[in-house]
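A.B. asks: Mind looking over this structure? Questions follow.
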Amino acid sequence: MSEESTPDDHELRVSKIRDGTVIDHVRGGQALNVLAIVGIDGSEGEEVSVGMNVPSDRLARKDIVKVEGRELSQDEVDVLSLIAPDATINIVREFEVEEKHRVEPPETVEGVLSCPNPGCITTGDEPVDSRFEVLEDGVRCDFCGTIVREGIADLIET
Amino acid sequence: MRHDHLITSKQLSRDDVEAVLDRAAEIDADPAAVADRHAGRLLGLLFFEPSTRTKMSFETAMKRLGGDVVDMGSVESSSVKKGETLADTVRVIEGYADALVLRHPRQGAATMASEFVDVPLLNAGDGAGHHPTQTLLDLYTIRQNAGLEDLTIGIMGDLKYGRTVHSLAYALANFDAHQHFISPESLQLPREVVFDLHQQGGGGQIREHDSLSEVLPSLDVLYVTRIQRERFPDESEYQKVAGEYRIDTETLETASDDLTVMHPLPRVDEIAPEIDDTDYAAYFEQAHNGVPVRMAILDLLLEGGENDE
Ligand SMILES: [Zn+2]
């Protein structure tokens, strides 16, 4: 069942795309963080549509992100799971949903989050990427051991 | 040890710990046998914050193995002052030395540095992080005095900021020791450490207390750490708490005669000097054990398992 085959009033507010990715069932209010994680800020000229806090059956309110002309890689999808664990990823080609994925948490994320511990070596001027182990309910810095369970989206490096 | 680097006590299995302690005991029994063992080899000392004793202990250990040290010197006089990164510093000094010892104020510094070098790197303290060689000498002292089997230990003082405590707790979880943590509420073990201990499977053996008296009679070892004055917002709060965690002969009245009292030193007034001459005191012995234990660690890391053949 593709999202295109069950259009409702709310989804129609966000235009259909021809080729690209639809990230659906993002937790309400996280859409902009999703874009930050996949590094899309519109500066490359991508056509991006965002629906925020639209009613949903599965979640009380959900966000939906549609990116024209860009297919997300598995790595990007993995990282999304940290802030959008319920998300579904639809790869659209010629207006048809060709692939559908659920996000799955990766074991580690590198260079995506910055460590909140000001004493951590990765927050200085060293030539090293941040690296976090993904726990069941949070992430943990591989270098200093700090565990973050809430506010992970605030750590996204921009 | 199977490892190229020694970064945290968490990486050490029970077998690893026993290999180090056994080697340390051999060296302790016959230091002359290893006097030339690492002749011509150099240990690089990189101390980004002062720690005279730890540094001297490593220096002594390396020299007693027949080797020598090259010392980066104080941070003030080095290129670090000019803004060089730690990653660059270790890559340069790696070219001079056969192994490196790093003390650095930032947590995770040793982990990061080890990813830039091929020679063994030993963490001699990274901020509030880890200090595994201290843990190994603590374990050596515990094994000598009380044994590591079926151990009941009380660990008391500043458990929140004390990295030696965290490292020790991780290592003891390998030995299924009963660990009692005694501290003021504000200085309890960080929840992350408790989480880890449970993950390691040692969680069932852990209890937290705010007073020593109830557990003291059951203890084989009492490991005391310093409560730092600067952790408290005002002096009176500190005075109130500090007194409760001070050991003297009266405090120890209900203790077992076989109790071993340890402290990573330096102490301020956590342990009354009257304890020093009793059979309880093992803290100076503990400090002396730093040399044979560090000799054992250096020996195992520099050999890299070559002598297993
Ligand atoms: Zn960190």
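Placement of Cβ uses the backbone N, Cα and C atoms for every residue, glycine included.
According to TrEMBL, the protein carries these features:
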- B:R53, B:T54, B:R103, B:H131, B:Q134, B:L265, B:P266: carbamoyl phosphate binding site (BINDING)
- B:K82, B:R163, B:R226: L-aspartate binding site (BINDING)
- B:5-144: domain 'Aspartate/ornithine carbamoyltransferase carbamoyl-P binding' (DOMAIN)
- B:150-300: domain 'Aspartate/ornithine carbamoyltransferase Asp/Orn-binding' (DOMAIN)
A.B. asks: As a quick check of your reading of DSSP, tell me how many residues in the domain 'Aspartate/ornithine carbamoyltransferase carbamoyl-P binding' (B:5-144) are helical, how many are strand and how many are coil.
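C.D. replies: Residue counts for the domain 'Aspartate/ornithine carbamoyltransferase carbamoyl-P binding' (B:5-144) by secondary structure: 70 helix, 24 strand, 46 coil.
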A.B. asks: I want to verify one value. Collapsing DSSP to three states, which class is B:L265 (carbamoyl phosphate binding site)?
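C.D. replies: Going by the DSSP assignment, B:L265 (carbamoyl phosphate binding site) belongs to neither helix nor strand, so it counts as coil.
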A.B. asks: Out of B:R53, B:R163, B:R226, which of these binding-site residues shows the lowest number of other CB atoms within 10 Å of its CB?
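C.D. replies: Counting other Cβ atoms within 10 Å of each of the binding-site residues B:R53, B:R163, B:R226, the minimum falls on B:R53.
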A.B. asks: Measure the Cβ-based neighbour count of B:R103 (carbamoyl phosphate binding site), defined as the other Cβ atoms within 10 Å of its Cβ.
C.D. replies: 23
A.B. asks: Rounded to whole angstrom, what's the largest C-alpha distance between any two of B:R53, B:T54, B:R103, B:H131, B:Q134, B:L265, B:P266, listed as binding carbamoyl phosphate?
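C.D. replies: Pairwise Cα check on B:R53, B:T54, B:R103, B:H131, B:Q134, B:L265, B:P266 gives a maximum of 17 Å.
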A.B. asks: Averaged over the domain 'Aspartate/ornithine carbamoyltransferase carbamoyl-P binding' (B:5-144), what pLDDT does the prediction give?
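C.D. replies: Across the domain 'Aspartate/ornithine carbamoyltransferase carbamoyl-P binding' (B:5-144), the average pLDDT comes out at 93.
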A.B. asks: Among B:T54, B:Q134, all listed as binding-site residues, which has the most CB atoms within 10 Å of its CB?
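C.D. replies: Counting Cβ neighbours within 10 Å, the top one is B:Q134.
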A.B. asks: Can you count the other CB atoms that lie within 10 A of the CB of B:H131 (carbamoyl phosphate binding site)?
C.D. replies: 26
A.B. asks: With an 8 Å cut-off on Cβ-Cβ distance and a minimum sequence separation of at least 6, pull the same-chain contacts of B:P266 (carbamoyl phosphate binding site), or say none.
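C.D. replies: Non-local contacts for B:P266 (carbamoyl phosphate binding site): B:R226.
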A.B. asks: Report, in whole Å, the straight Cα-to-Cα distance of B:R103 (carbamoyl phosphate binding site) from B:R163 (L-aspartate binding site).
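C.D. replies: That comes out at 13 Å between the alpha carbons.
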A.B. asks: Which ones in the same chain are close to B:L265 (carbamoyl phosphate binding site), with CB under 8 Å and 6+ residues apart in sequence?
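C.D. replies: B:R53, B:Y283, B:Q286, B:A287 - these are the non-local Cβ neighbours of B:L265 (carbamoyl phosphate binding site), listed in sequence order.
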